[in-house]
Amino acid sequence: MASKKLVNSVAGCADDALAGLVACNPNLQLLQGHRVALRSDLDSLKGRVALLSGGGSGHEPAHAGFIGKGMLTGVIAGAVFTAPAVGSILAAIRAVAQVGTVGILLIVKNYTGDRLNFGLAREQARAEGIPVEMVVVGDDCAFTVVKKTGRRGLCGTVLIHKVAGALSEAGVGLKEITERVGVVAKAMGTLGVSLSSCTVPGSSKLTFNLAADEVELGLGIHGEAGVRRIKMATTDQIVTTMLDHMTNSSSVSHVSVQSGSSVVLMVNNLGGLSVLELGIVADAAVRTLEGRGVKVARALVGTFMSALEMPGFSLTLLLVDESLLKLIDAETTASAWPNTPKVSVTGRKRTRAAPSRPSETPDFTTEGLISKRMALVLERVCTTLLDLEEYLNALDRVAGDGDCGTTHSRAARAIQEQLREGPPPGSPAKMLSELSLLLLEKMGGSSGALYGLFLTAAAQPLKASTDLPAWSAAMDAGLEAMRKYGKAAPGDRTMLDSLWAAGQELQALRNPNANLFHILTKAVESAEAAAQATKDMIAGAGRASYISSMKLDQPDPGAVAAAAILRAILEVLQNLEDA
């Protein structure tokens with residue numbers, strides 16, 4: 001299904017988008033009657049070289065996001081994925097020339113419409129006596145054989161904006177800037193990959209279709225298909241494939257990156273990739289390059305040149321030396337240029353040793369039999385939670401994000417891994433404390449925090465005694481911690497409902513001659529009944545409370561999980577008693 005677009009009109013969307021950027025940025029102005037944005041301090045450029053770029057809209061923040069001191073003087077925007085009009089390009093050239101600039105460089109991506117329209121405007125301006133030069137950027141690494149039209153202009157064009165802007169700010173002349181950025185353009189390459197296409201405003205169809213297990217390799221920035229399709233794989237595998245393709249010396253469009261090279265890496269979101277995925281891509285790219293002996297001098301990660309909402313990314317590699325790095329690092333006021341540290345990525349220490357846990361006094365009271373019983377209990381709890389994963393996820397999808405079962409399974413696997421390393425402590429207080437730390441670290445989510453709170457508080461009464469009244473006190477302490485920090489109360493449709501019901505029954509453990517298994521059985525039955533009763537409750541806490549004031553028709557997954565844990569504990573203890 002084609003994606004919806006938040007536009008006022010298809011015809012006016014490019015104008016509205018540019019107007020919105022200018023409205024929010026006092027450093028920009030619109031050129032009246034044209035889809036052109038210029039620096040508002042244009043008069044300050046007298047005696048310097050001006051830089052104009054542009055192209056079709058839909059690539060935001062390119063190109064207007066890179067207007068500013070130290071980058072572009074202005075941009076000319078076309079309609080979505082369409083080259084800008086010759087008249088508007090010429091109007092921008094004239095406006096910049098009139099403030100006394102000593103020359104104008106047009107930075108153009110290598111697409112036929114852009115080359116033609118910018119080229120025609122340049123010739124007309126030169127006929128009027130305005131000194132104008134043009135650099136056509138083609139950084140695409142997709143094609144392995146020579147194409148008559150040359151390599152497409154992709155995200156690497158933004159680096160040309162940055163280098164040219166730094167040179168202009170330093171007072172370098174038009175001829176030298178043109179020559180130097182031409183050399184830089186030949187020292188870089190870009191390759192894109194996408195999980196699906198995008199939809200142009202006003203269109204009801206994707207620009208290309210992919211099977212569920214395919215990704216598109218080597219595509220451009222206009223929704224066009226790439227050079228080939230590859231099977232969906234891990235991010236590491238996809239990034240490796242891309243870097244192999246980009247640096248393959250048998251390809252005419254390769255970038256000559258090898259062991260010992262120093263590069264600027266750009267990880268560019270094509271528009272629809274989540275920031276989480278982009279971080280995974282960046283990690284894979286840096287690791288892979290460094291594994292090949294390549295020094296990543298700078299890493300720029302973000303959205304620089306998009307293709308509407310396309311869920312994909314591109315990688316750009318620019319070979320650099322110290323002089324070129326200084327131009328990349330030069331100050332700019334362009335709003336879309338990232339505030340990146342001016343230090344090398346490679347060679348930096350990326351981790352700090354975690355603080356050691358406070359040393360504990362040896363536990364001379366640990367008994368092997370108690371430890372073995374605790375291990376059996378934990379194993380049964382883990383098995384129970386793993387079996388319930390899909391059911392709990394299904395319950396959670398009714399009013400949450402559908403991961404309650406996954407969260408509990410993550411906890412179960414962490415506990416199983418810990419048990420494989422050795423038996424739990426024989427001291428109940430130590431066991432609960434260690435379990436708390438494990439869940440806080442491995443389980444995640446609000447469930448992990450709540451279980452951690454419960455277990456940490458419950459461990460305290462058990463330090464002094466482990467008799468039956470102490471276990472009742474432990475339950476009370478855990479419930480109080482959950483109430484205090486979780487802000488839930490019985491009847492709010494949370495996991496607390498099950499635990500609270502069990503806790504009320506466990507009060508009987510304080511009585512002399514209390515029957516342990518009779519009380520435990522009643523506690524578990526009360527917890528299970530309370531869990532089922534949550535389906536008739538209005539959510540008063542937790543994520544479900546934001547969904548609706550209406551009653552939900554399924555029990556709370558956290559309450560179901562808590563009751564299942566208590567049932568597993570009871571069954572193991574009964575089996576041990578009967579053995």
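Just so it is clear, glycine is given a Cβ too, placed from its N, Cα and C backbone atoms.
Quick caveat, the model's predicted, so the values are computed rather than measured.
What TrEMBL records for GLY56, SER57, GLY58, HIS59, LYS109, ASP114 is substrate binding site. According to TrEMBL, the feature active site, tele-hemiaminal-histidine intermediate maps to HIS222. For 339-365, the entry in TrEMBL reads region 'Disordered'. Annotated domain 'DhaL' per TrEMBL: 372-571, in sequence order.
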Taking the center of the Cβ atoms of GLY56, SER57, GLY58, HIS59, LYS109, ASP114 at the recorded substrate site, which other residues in this chain have a Cβ no more than 8 Å from that point?
-> GLY54, GLY55, ALA62, HIS63, ALA77, GLY78, VAL80, PHE81, THR82, ALA83, ILE221, HIS222
Greatest inter-residue Cα distance in Å for the substrate-binding set GLY56, SER57, GLY58, HIS59, LYS109, ASP114 | 15
Spatial neighbours of ASP114 (substrate binding site) that are distant in sequence (at least 6 apart) but have CB under 8 A | GLY55, ALA83, PRO84, VAL108, GLY153
Arithmetic mean of per-residue pLDDT over the domain 'DhaL' (372-571) | 89
Quick one, of the recorded positions HIS59, HIS222, which Cβ has the fewest other Cβ within 10 Å?
-> HIS222
Spatial neighbours, same chain, of LYS109 (substrate binding site) - Cβ under 8 Å, 6+ residues apart | GLY55, VAL136, VAL137, GLY138, ARG152, GLY153, LEU154, THR157
Binding-site residues compared (GLY56, GLY58) - the one with the fewest other Cβ atoms within 10 Å | GLY56
Would you mind checking how many other C-beta atoms are within 10 angstroms of the C-beta on SER57 (substrate binding site)?
-> 25
